[in-house]
Amino acid sequence: MCDMGGLDNLIANTAYLQARKNSEGDVKELQKRRKSLSLPSTDVSRKEIKETITLDYQSICVEQPIGQRLFRDFLGTVSEYKLAEEFLEEVKEWELEEGSAKEQLMEKLVSRRFKEPAEGSLNFLGKDLSSRIQQAQSKDMPELILLAKDAGNAFLMDAPFQDFQNSPFYDRFLQWKAFERQPINQKYFYEFRILGKGGFGEVCAIQVKNTGQMYACKKLDKKRLKKKNGEKMALLEKEILEKVHSPFIVSLAYAYETKTHLCLVMSLMNGGDLKFHIYNIGEKGIEIKRVIFYSAQICCGILHLHSLKILYRDMKPENVLLDDNGNCRLSDLGLAVKVKEGKPITQRAGTNGYMAPEILTDVDYSYPVDWFAMGCSIYEMIAGHTPFRDPKEKTSKEEVKRKTIEDEVVFQHPVFTEEAKDICRLFLAKKPQNRLGSRTNDDDPRKHAFFKSINFQRLEAGMVDPPFVPDPSVVYAKDISDIADFSEVKGIEFDDKDSKFFKRFATGAIPISWQKEIIDTGLFDELNDPSREATGGGGNSGEKSGVCSIL
């Protein structure tokens, strides 16, 4: 007898993998669709957009990818501005270099820009700083280069930024902002197989029709949300994801609604979660060099959340996902909460086996709980089980709670290095004030000897190769037949209050993520080509691509 469930899964996986590869037929379909696209006219974009934009240098010229790109293009038209921009790029290259190569780069930079500036003087330095640099010894030069960097950034924020606002490059930025704010609905995407499910709905793979970019779409059932009073939690997750822009945390790209669902479109992580890699590939556990690499990236992600006054509360390997290249990101911020002065957090939240003693004993808690869960996760990646569960027998929830509160961690697995034992002990300290990351205001876990092989500047710049790369021909997700369907929610009706909530949630494209997608997929260069002409017709029709026709 034909296994229809297996056939359905095969078809869904084939379509999904084909979309990820961008076959020749898909490329032709994409090119055809892009020909119909064009930017809004300059007059329209100026009128509708200019008044809504806050003229903030950091936001426009640094954080927003298209703003940054157009600002750099503008700087290239004025020799003095171009010189400053090139100098800052050279400083950035020097900061990210290692060993003797870094020393050589510094000597080259000093000679080229300070000692014998054949390409022109850096006038923004001022007489005092220029004099100090000219008289400085080599040992003092790194500090002076950083002062020169600060002076260069301050210079670009002044006259160059003002001139940029009166240039055609800024007009083009406004056109892109108008394009960015186009309405987003389900016709903007192709939908593929289900990847999993959560408390309020399912997660599926989707593809943007105009760019070919793949994402994961978290679909929250409107009726289920209302029935379970989950609206506030869903909106909080969305608002937190909007604020977060880190290579170590999943990014939110779009928020839109359908008739039945609220949809969060986020980074698609094809490599599976760390729980899968701990328990389903070879012997339980992960080799130590991978543990160090993932832990370093996780630390960066947690520190980014804390810098935004956000408490994660659900750190565990299951919520750490790998991308195509083997880099990891934190996911599922459904339990995350904003930390507010004078408002203690006491609600029990998290996953059994990862919750800190202060959560389990119902006292006030804050950022240290994330570091406790980090210690549990490092231990689990190495040992193949969490620190307060007996791997040889079933441990009750109450026993895990007792051990977490009372027992010291024991290291029986032979793979634990001394550095690994030490960082786990420090993260798993019972008292939050004794916990690594929380002992002082500047207690940075990245400085621990466990991470001695990691250059964090290069890691954050994406310049460190992951020790493991997922197989691109594998779908790291359950078979679609193993993902249970949701039952229909009955007896729920929507009113004006619900409609207002849906509108507040469905805000469309998220600027930084959307702009990155536009640049990475080549659409920015295509639509900026002065010789290009759009053929008209709009770009979001409901036609299915060849990839999707077998679904």
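Every residue, even glycine, has its Cβ placed from backbone N, Cα and C.
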Query raised in the report: Can you say which of 391-413, 529-551 is given as region 'Disordered' in Swiss-Prot?
Result: 529-551
Query raised in the report: Taking K177, K218, K222 as the options, which does Swiss-Prot list with L195, G196, K197, G198, G199, F200, G201, E202, V203 at the ATP site?
Result: K218
Report task. Report which of S36, S45, S100, S131 appears in Swiss-Prot with the annotation phosphoserine. Result -> S36
Report task. Take the domain 'AGC-kinase C-terminal' (452-517) and average the pLDDT across it for me. Result -> 84
